[in-house]
Amino acid sequence: MTDIFFTHTFITLLLGSSFCGAGAALVGTFIYFKQQGTMGDVISHASFPGAMLAFFIGLALLGNGRDLTMLTVLALGTGAAGAFTANLIERKTPLGTEVSMVATISLYFSCGMLLLAVIQSSALPGKGGISEYLLGNATHLTTSDTIFSVSITSFVIAMLLLNYRKLKLTVFDIEFAKTQGVKTRRMERLLFILLAAVIVTGMRTIGLLLIVGFLIMPAATARQWTTRFSTTALGATLLGSGTAIAGTVLSTTILPAPTGAVIILLLFSIFLLSLIAAPNRGMIYRALQHRHLSKRYAAAASTLTVASVTSAGTGGRQ
């Protein structure tokens with residue numbers, strides 16, 4: 001079975017998965033600190049009908065329902081439309097942010113499921129495995145898929161690194177960023193575009209339903225071990241890439257399960273371990289600290305009580 005690890009196909013899968021994981025985790029670090037994880041959920045669900053429309057249009061115009069260019073353009077388009085819809089509902093109605101996003105997710109995902117049902121019940125060629133956009137399946141990645149994924153992810157990472165300082169200022173203190181001459185609206189749009197790009201890129205590997213967890217959990221996990229943003233970003237990137245590789249290996253060799261589900265389970269296991277055992281922020285550390293402070297408080301209270309009794313006794317004798 002070890003022979004599979006050295007095949008061109010397997011190395012291609014690992015390359016595509018690792019780049020996808022690294023890009024999603026790095027973008028997710030900015031999204032995590034900006035506290036906009038729900039927007040990633042909106043974009044991922046809203047991209048689904050675009051992916052289904054790409055199958056119809058690609059088949060009609062190009063004879064290929066899995067054309068990557070068509071898939072990317074339409075999935076990005078409906079993802080952006082979903083984000084716009086959520087913002088529009090929030091601005092024009094008395095509904096809050098959460099209700100607006102839930103309504104948008106429900107609308108676009110329902111449209112996607114309807115189109116998926118039409119595709120699956122039809123006799124159209126190439127419809128097999130179309131539902132894998134939901135949960136991901138790295139085993140079906142082709143060389144062209146991998147080249148596309150690596151290219152897009154490399155572009156995303158390059159844009160994040162080139163605009164690192166400006167994005168960091170925008171995420172943490174938008175008013176201060178403005179005083180430093182940062183065009184914050186432009187940076188927010190850039191972050192939104194990069195977010196949509198990694199979601200669409202991760203569609204084949206991780207799946208639209210699970211990509212949000214992959215955006216947020218690496219950053220949340222790394223955050224338990226450090227207080228610095230740069231270290232968190234680096235740790236999240238390495239964790240995202242590492243778990244993507246491990247999940248791909250497990251799903252293609254041992255576990256007969258969707259790649260996205262395996263990756264997310266691995267991520268959650270590491271996240272849970274970090275919540276429990278991380279120094280300074282973990283549950284064990286907090287429990288020990290609380291116990292130590294309780295003992296100190298009890299000792300201080302006992303000392304005050306003894307001092308009070310002694311003082312009262314002295315006063316009584318006088």
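Cβ from N, Cα, C; glycine included.
Those TrEMBL annotations? Automatic predictions, nothing curated.
As given in TrEMBL:
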type     : residues : note
TRANSMEM : 6-33     : transmembrane segment
TRANSMEM : 42-62    : transmembrane segment
TRANSMEM : 68-89    : transmembrane segment
TRANSMEM : 101-126  : transmembrane segment
TRANSMEM : 146-164  : transmembrane segment
TRANSMEM : 190-217  : transmembrane segment
TRANSMEM : 257-277  : transmembrane segment
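When Cβ distances are compared across the two stretches, the transmembrane segment (6-33) makes no contact with the transmembrane segment (68-89), since fewer than 3 pairs at least 6 residues apart fall below 8 angstroms. Under 8 Å from some Cβ of the transmembrane segment (101-126) lie the Cβ atoms of residues 38-39, 41-42, 45-46, 48-49, 51-53, 55-56, 59, 64-66, 78, 81-82, 85-86, 89, 95, all in the same chain and six or more residues away from its ends. Tertiary proximity for the transmembrane segment (146-164) is limited to same-chain residues at least six positions away from its ends with a CB under 8 Å from its CB atoms, namely 12-13, 15-16, 19-20, 22-23, 26-27, 30, 68, 72, 187, 190, 194, 197-198, 200-201, 204-205.
Non-local neighbours of the transmembrane segment (68-89) in the same chain are 39, 42-51, 53-54, 57-58, 61-62, 95, 99-101, 103-105, 107-108, 144-145, 148, 152, 192, 196-197, 199-200, 203; each lies 6+ residues outside the stretch with a CB under 8 Å from one of its CB atoms.
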